[in-house]
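**Student:** Pasting a structure below so you can have a look.
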Amino acid sequence: MQPTLFIDRDGTLIDEPKTDFQIDSLEKLKLEPKVIPALLRLKAKYRFVIVSNQDGLGTDAFPQTNFDKPHNVMMALFESQGITFDEVLICPHKPEENCLCRKPKIKLLDHYIRKNLFDIDRSFVIGDRETDVQLAENLGIRAIQYDPQKMNWDLIAEKLLGETVTNCGKRPPRFAEVIRQTKETDIKVQIWLDEAGVNEIKTGVGFFDHMLDQIATHGGFRMNVQCKGDLWIDEHHTVEDTALALGQALKQAIGDKRGIARFGFVLPMDECKAECALDLSGRPWIKFNACFKRDKVGDFSTELTEHFFQSLAFSMLATIHLNVTGNNDHHKIESLFKAFGRTLRQAIRIEGNEMPSSKGVL
């Protein structure tokens, strides 16, 4: 069985027009940024299969010839760069037809399932829509939801290849595992600081899971977080104790700090202006400046954002300054987690062998 990437076409490989959601002319054909370099890096490890819904293909509203011309040019372009797809699987039906082959249904992939043609543990669906995520669930594999800003092709390749981005000095891999058990929570955190990859995060708080994934993704490392907390009361203990366990794991994985950059700074992120400054100083401190209009984003209390970073700073013995301005609370919180991840990525990067302190210790 071969590791396989089942890849959506419109909005993932190529840009999807927001006017009519059809690529029916050469003028509309536009590759997504960095898709060719990413696929070139991935092709040694994965087989590629395109799986696409094309509403009304073959009808007067979307003639087959109008589809074929830009599609064939796209395929020829990929092939000219050394990228080939084993198959192109297309559902031509509209949602109201309720067919069996339209994503997230799996009939298009029946032969892959019956003949065990893909490695369940090492195959992924990559697409920009929730239906792509649901397709992965129906296949029993994992999904990576493409987004040109939040999860672009560079990040996807980095995740799938597990490439080292923080250990330029080629020191021994930095790993830590922390188990924290209290009356309120049971938490296990594993961190691979020098290995990017797909993160397994389950805290029971969906928005919080997404935020933790942002830290690891933009930090250039891989982590697993499993938490069972007293969510029947609220999410406070889950968020706080996860921050404490994560901070402890980061501190352990970083180790004696010899050779690290120590400092990090980044701004802005997304349409919000999020600033983060970090010093792995051994002296815990937090300066947090953010105002939220809503009490909750999804299942996450906005007031816990500051508490998370405060708990994290004191657990990992770091100085953290965070500031964000913007209009959308969801985007503001997400930009803070992403900015922290990017800043942490700089600070944990190994650049030599010296202790980054005039005192000789951190």
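Keep in mind that glycine also has a Cβ here, set from the backbone N, Cα and C atoms.
Straight out of Swiss-Prot:
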- ASP8: active site, nucleophile (ACT_SITE)
- ASP10: active site, proton donor (ACT_SITE)
- ASP8, ASP10, ASP128: Mg(2+) binding site (BINDING)
- CYS91, HIS93, CYS99, CYS101: Zn(2+) binding site (BINDING)
- 1-173: region 'Histidinol-phosphatase' (REGION)
- 174-362: region 'Imidazoleglycerol-phosphate dehydratase' (REGION)
**Student:** Given the recorded Zn(2+) site (CYS91, HIS93, CYS99, CYS101), which additional residues of the same chain have their Cβ within 8 Å of the Cβ centre, ordered by sequence?
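**Tutor:** Sorted by sequence, the hits are ASN53, PRO92, GLU97, LEU100, ARG102, LYS105, LYS107, LEU108.
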**Student:** Using DSSP and three states only, what is CYS99 (Zn(2+) binding site)?
**Tutor:** coil
**Student:** Around the Mg(2+) site formed by ASP8, ASP10, ASP128, which additional residues qualify by having Cβ within 8 Å of the site's Cβ center?
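**Tutor:** Leaving out the recorded residues gives ARG9, GLY11, THR12, LEU13, GLU16, SER52, GLY127, ARG129, ASP132, TYR146.
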**Student:** Long-range same-chain neighbours of HIS93 (Zn(2+) binding site), Cβ under 8 Å, sequence gap at least 6?
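**Tutor:** Set apart from HIS93 (Zn(2+) binding site) by at least 6 residues yet with Cβ under 8 Å, we have ASP55, GLY56, CYS99, CYS101, ARG102.
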**Student:** For each of CYS91, CYS99, CYS101, count the other CB atoms within 10 A of its CB; which of these binding-site residues has the top count?
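**Tutor:** Of CYS91, CYS99, CYS101, the one with the most crowded Cβ is CYS91.
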**Student:** Look up CYS91 (Zn(2+) binding site) in the DSSP assignment and reduce it to helix, strand or coil.
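**Tutor:** Where CYS91 (Zn(2+) binding site) sits, the three-state DSSP reduction gives strand.
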**Student:** Using CB atoms and a 10 A radius, I'd like the single residue among the recorded positions ASP8, ASP10, ASP128 with the highest neighbour count.
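**Tutor:** The residue with the most neighbouring Cβ atoms within 10 Å is ASP8.
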**Student:** Work out how many Å separate CYS91 (Zn(2+) binding site) and ASP128 (Mg(2+) binding site) at their Cα atoms, rounded off.
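**Tutor:** Here the two Cα atoms lie 17 Å apart.
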